[in-house]
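The next block holds one structure in the form of structure tokens; read it before the comments.
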Amino acid sequence: APPPVGDQAGGRKVDCFKYNTTGSEFACSRKWQPVCGTDHRTYSNECMFCMLTQNKRFPVRILQDNKCDIECPQYSDMCTMDYLPLCGSDGKNYSNKCLFCNAVLRSRGALFLAKHGQCQSP
């Protein structure tokens, strides 16, 4: 996976004022130029990212200029025991996507995918 663009820990901040021309409504195009937010959701373009994240309880930044490697649509109370390990940016191994996504959501976007598979052991 390509490294995230911008500050490793927090992603890239976007100046959303350039898309919010009227003060209350965004004028977004349908152009497909995907970006991945620190909430691990893919947005169709930077303008849509701004429109859909403006009212989040915590600030969302752009993790990378492309689709997300792992999509984390929502928190899950129950995770399966499937073993498909993912290595988090915190150096911890997560047994599967569900456990990784729950950690991402708890971290409020601070955690991102370092790589598929286990982290290197010391």
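Note: Cβ is positioned from N, Cα and C throughout, glycine not excepted.
Look at Swiss-Prot and you will find C16-C50 (among others) tagged as disulfide bond, backed by sequence analysis. Taking a C-beta cut-off of under 8 angstroms and a sequence separation of 6 or more, C16 (disulfide bond) has the following same-chain neighbours: C50, Q54.
Under the DSSP three-state reduction, C28 (disulfide bond) is assigned to coil, being neither helix nor strand. Per Swiss-Prot, disulfide bond is recorded for C28-C47 (among others), and the stated evidence type is sequence analysis.
As annotated by Swiss-Prot, disulfide bond applies to C36-C68 (among others), with the evidence given as sequence analysis. Same-chain residues at least 6 positions away in sequence with a Cβ under 8 Å from that of C68 (disulfide bond) are, in sequence order, C36, G37, H40, R41, T42.
Annotation note: C72 (disulfide bond) sits in a coil segment as assigned by DSSP. Around C72 (disulfide bond), the same-chain residues six or more apart in sequence whose CB sits under 8 Å from its CB are D39, H40, R41, K97, F100, C101, V104, L105, listed in sequence order. Feature annotation from Swiss-Prot assigns disulfide bond to C72-C101 (among others); the stated evidence is sequence analysis.
For C98 (disulfide bond), other Cβ atoms within 10 Å of its Cβ number 18. Taken from Swiss-Prot, the feature disulfide bond applies to C79-C98 (among others), supported by sequence analysis.
In this structure, C119 (disulfide bond) belongs to neither helix nor strand by DSSP; it is coil. Around the Cβ of C119 (disulfide bond), the same chain contributes C87, G88, G91, K92, N93, each under 8 angstroms and 6 or more positions distant in sequence. The disulfide bond annotation in Swiss-Prot covers C87-C119 (among others).
Per Swiss-Prot, the feature domain 'Kazal-like 1' maps to 10-70.
As annotated by Swiss-Prot, domain 'Kazal-like 2' applies to 71-121.
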Rounded to the nearest Å - Cα separation of C47 (disulfide bond) and C98 (disulfide bond): 28
